[in-house]
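> Below is the structure I would like to discuss, written out as structure tokens.
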Amino acid sequence: MLDLRDIKIAMDGGDLAANFVVPARQKLAVLGPSGAGKSTLLDAIAGFRPMHAGTILCDGAEITQSPPEQRPVSILFQDANLFPHLTVARNLGLALRPDGGRLSPDAAQQVAEALTRVGLSGYDDRKPGTLSGGQQGRAALARVLLQARPVILLDEPFAALGPALKVEMLGLVTEVADRLGATVLMVTHDPEDARRFADGVILVADGQAHPPQPTQEFFDDPPRAFVDYVG
Amino acid sequence: MALVSLTLGPIVAVVLRAGGLGAIGPGDWHAFRFTLFQALLSAGFSVILAIPVARAFARRRFAGRGVLVTLMGAPFILPVIVAVIGLIAVFGQNGVVNAILTTVGLPKIDVYGLHGVVLAHVFFNLPLATRMLLQAHLAIPAERFRLAASLGLGPWAFFRTIEWPLIRRIAPGAFAVIFVICLTSFAVALTLGGGPRATTVELAIYQAMRFDFDLGRAAVLAVMQLALALIAGIVALKVSHMDGFGVGRDRQVARWDGRSLWARGWDAAWLAIAASFLLVPLGAVILKGAPGLALLNADTYRAAGHSLAVALGSTALCLAWAFPLASKRGELLSLAAIAISPLVLGAGIFLMLRPYVNPFSMALPVTGLVNALMALPFALRILRPEAEAVEADFARLRATLRMTRGAWLRLVWLPRLRRPLGFAGGLTAALAMGDLGVIALFADPDRTTLPLQVYRLMGAYQMEAAAGAALLLLGLSLALFWLFDRGGRADA
């Protein structure tokens with residue numbers, strides 16, 4: 001469970017405010033116009049952006065002041081989710097050994113299983129640059145699986161993929177999230193993504209991140225700000 | 001921080017020692033004026049001559065152009081003493097130029113004194129000025145040339161609209177940087193200057209310490225030099241962008257100007273003059289040095305060993321410093337080291353060590369230390385942009401993965417910065433290998449470096465052995481640079 005209590009995040013064009021609870025195991029789409037602060041919201045939850053006010057709790061524990069590396073959060077960015085000079089296996093291994101040490105046979109087994117789960121078995125020794133965009137996305141998701149943290153934040157990591165690949169990725173995200181029992185917040189520009197994948201929608205517009213609304217309800221009676229943006 | 005205390009400590013020592021000893025003789029004032037005058041001439045000639053050379057490089061395509069542009073960077077890692085040997089071989093008493101002058105019945109020229117000092121400084125800094133201007137030329141958007149061509153601008157209009165603004169933007173900075181470099185240059189003044197009429201402040205410090213053992217006067221001179229260089233350094237920093245030290249990126253831009261026969265001939269002439277001015281002395285070192293290699297004795301080889309040790313030590317120290325300093329603030333801090341002359345630092349360290357140990361026994365470590373300090377600004381110049389890029393690209397990923405400091409350094413930082421590290425390491429090693437500065441203050445016969453050994457052989461009029469040792473020094477410097485740079489490039 002993720003609890004945002006009256007938070008205010010500094011943005012270029014004024015603050016972004018949010019005050020709501022995300023129940024555990026929910027998968028939410030974060031929708032809204034460009035520049036409204038969708039990524040800002042995720043950055044604040046992940047600890048990459050300071051807040052003016054408010055507190056963030058995760059499963060009852062306050063994380064407002066925690067540095068990014070101490071938050072129970074894994075995040076995928078738009079790009080640069082893998083170190084280009086390290087092999088896929090080495091990249092994934094870092095999730096289990098952040099000190100970069102040698103993996104135990106157990107851990108190596110885990111890495112291999114995670115790769116199999118995302119359909120990349122046998123790609124251990126490849127460098128990310130030799131993989132397609134979809135494969136890179138899958139490798140990054142395999143690492144999220146290994147990180148096994150209760151909150152997963154996705155900042156449009158699949159924006160550059162074609163429609164078919166994106167559908168495949170969303171399926172994979174669902175699978176990973178269900179397996180971990182994790183809460184997911186995914187930024188997207190595409191209402192279709194939200195319909196396909198999300199239990200609910202967080203609308204970010206006009207300096208406000210609105211509380212999540214069930215997906216069906218949201219699209220049946222879309223809020224004014226959303227209609228303006230979709231046109 | 002260690003760096004600050006290392007830089008400031010010796011200077012404080014110098015100032016303390018100088019306090020109350022305000023005795024500056026007329027000779028010292030002369031040295032002061034000579035220092036300014038030669039730096040002015042050197043910087044002026046370097047920049048003025050660089051203007052047509054850089055333009056010729058910018059608008060001509062010819063076989064060997066790339067090699068020649070690369071060679072323009074070579075004087076930077078060329079040991080001063082090697083260049084001096086080459087210049088003497090060409091312009092000296094028995095050199096090529098004088099041989100020609102004699103046959104046509106003109107009087108001989110003398111390479112020692114003001115001419116020689118300025119000549120050597122131009123030799124080293126003409127390429128630097130050329131690179132700075134050339135980079136600016138290559139940064140001109142291709143559209144502007146197309147526009148100029150479609151407007152049918154004549155040569156004069158072209159110069160006014162495109163080239164003159166560029167010169168006005170770059171030349172003052174180039175002049176200032178070269179002026180500072182020449183203010184603090186020691187080895188050139190030591191080898192080609194000297195005598196009461198051609199003594200720089202640096203040389204006067206050296207003479208006060210070495211021959212008169214007048215530490216008080218040396219300290220006063222050091223303060224004088226420090227003030228001079230700091231003021232000039234601050235001015236240089238303000239007006240320049242310090243471009244042209246790194247790896248030049250060479251871009252090919254289609255141009256339509258300068259296609260007349262006259263313009264072609266003009267450019268060709270400048271390129272030929274610049275190339276021969278740089279290459280003939282180097283060729284002379286190789287020609288004269290090859291037979292001299294047979295004359296190398298055990299002392300020279302020992303000196304070479306010392307030099308290698310100093311160079312490797314300096315490189316390790318410099319790169320270790322560069323790690324935490326690869327930021328904007330660190331770079332500004334280390335830039336102070338460009339203006340502070342090694343001789344002043346050396347003199348300060350000498351004063352600090354004297355109560356505790358025999359300073360002469362510390363000659364090699366002190367040399368290594370000062371060399372590392374001197375190379376640091378260049379190393380940071382190369383490393384900083386890349387280090388910041390790595391930080392910008394991967395800092396968030398590092399945090400979300402909870403990577404430890406060690407893992408970050410070993411798995412990301414070092415591998416991603418391998419190329420600039422190799423380049424910076426090569427530069428430092430070559431600079432340290434060829435340095436003839438502090439070592440001259442401290443050295444006794446048992447602890448010489450190879451550049452000092454070359455100087456001693458010259459002083460003993462063993463010119464052939466000196467040329468041989470210079471060739472050895474040249475080879476070692478280039479080899480060190482090549483090995484480090486190569487190590488950074490070899491793909492893992």
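Including glycine, each Cβ sits where the backbone N, Cα and C put it.
According to TrEMBL, the feature transmembrane segment maps to B:32-54, B:66-92, B:112-133, B:174-194, B:215-237, B:268-287, B:308-326, B:332-353, B:360-380, B:421-443, B:464-484. What TrEMBL lists as domain 'ABC transmembrane type-1' is B:32-236.
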> Output the single range from B:32-54, B:112-133, B:174-194, B:215-237 maximising the number of Cβ pairs under 8 Å to the transmembrane segment (B:66-92).
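By Cβ pairs under 8 Å, B:112-133 leads among B:32-54, B:112-133, B:174-194, B:215-237.
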> Hey, would you say the transmembrane segment (B:112-133) packs against the transmembrane segment (B:360-380), going by three or more CB pairs under 8 A that are 6+ residues apart?
no
> Give the nonlocal contacts of the transmembrane segment (B:32-54) in its own chain as ranges (CB under 8 Å, at least six residues past its ends).
114, 117-118, 121-122, 125-126, 128-134, 137, 167, 171, 174-176, 178-180, 182-183, 189, 193, 197-202, 224-225, 228, 266-267, 270-271, 273-274
> Could you check if the transmembrane segment (B:421-443) is in contact with the transmembrane segment (B:268-287), meaning 3+ Cβ pairs under 8 Å among residue pairs at least 6 apart in sequence?
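These two segments do not touch.
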> Which sequence positions outside the transmembrane segment (B:308-326), separated from its termini by at least 6 residues, show Cβ-Cβ distances below 8 Å to it?
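Same-chain residues near the transmembrane segment (B:308-326) but 6 or more away: 3, 333-334, 364-365, 367-369, 371-373, 375-376, 379-380, 383-384, 387-388, 421, 424-425, 428-433, 449, 476, 480, 484.
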